[in-house]
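Notes follow once the structure below has been shown.
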Amino acid sequence: MSHHDERTFVMVKPDGVQRGLIGEIVSRFEERGLKLVGGKFMQIDEDLAHQHYGEHEGKPFFDGLVDFITSAPVFAMVWEGADATRQVRSMVGETDPAESAPGTIRGDFGLDLGQNVIHASDHEDEGANEREIDLFFDEEELVDYGLDTAAWVYEDEQH
């Protein structure tokens, strides 16, 4: 990982998996110049769901959130790049797809606030990335490798 890169957690939710959007979503991040360093197709159990959404425990929508995220497989990913968390959040769009701009993932594919296709770490929550990455991935599951396109994506890299 170079000095200006950061890692961020992204998850295609059950509705995105069921609608066959994994490839489209991965392509968008790759086309942006981000590097995939971890990916895992998995079924979330209730324990992991409670850990992941712990901040919402006690809220009226919590049980529905847990039921939804455990209802079908998800595709968990770790992406790396300069300012990766903000880059990803801008590509994902607003939590409510109805408020998301066309061209964002939720603006293009999201239909419902509760089933909004994708989860991405919050860039305003310091430490959210590390917490979520550690929750879903062991360090040895993340691959650190060079990507030849870096020189063509970032101006401070040499050609």
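Including glycine, each Cβ sits where the backbone N, Cα and C put it.
Taken verbatim from Swiss-Prot:
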ACT_SITE  H119  active site, pros-phosphohistidine intermediate
BINDING   K13, F61, R89, T95, R106, N116  ATP binding site
Three-class DSSP secondary structure - R106 (ATP binding site): helix
Cβ neighbours of K13 (ATP binding site) where a neighbour is any other Cβ within 10 Å: 23
Long-range Cβ environment of F61 (ATP binding site), under 8 Å and at least 6 residues apart: G114
Binding-site residues listed as T95, N116, least Cβ neighbours within 10 Å: T95
Distance [Cα-Cα, Å, rounded] between K13 (ATP binding site) and H119 (active site, pros-phosphohistidine intermediate): 7
Per DSSP, three-state class assigned to R89 (ATP binding site): helix
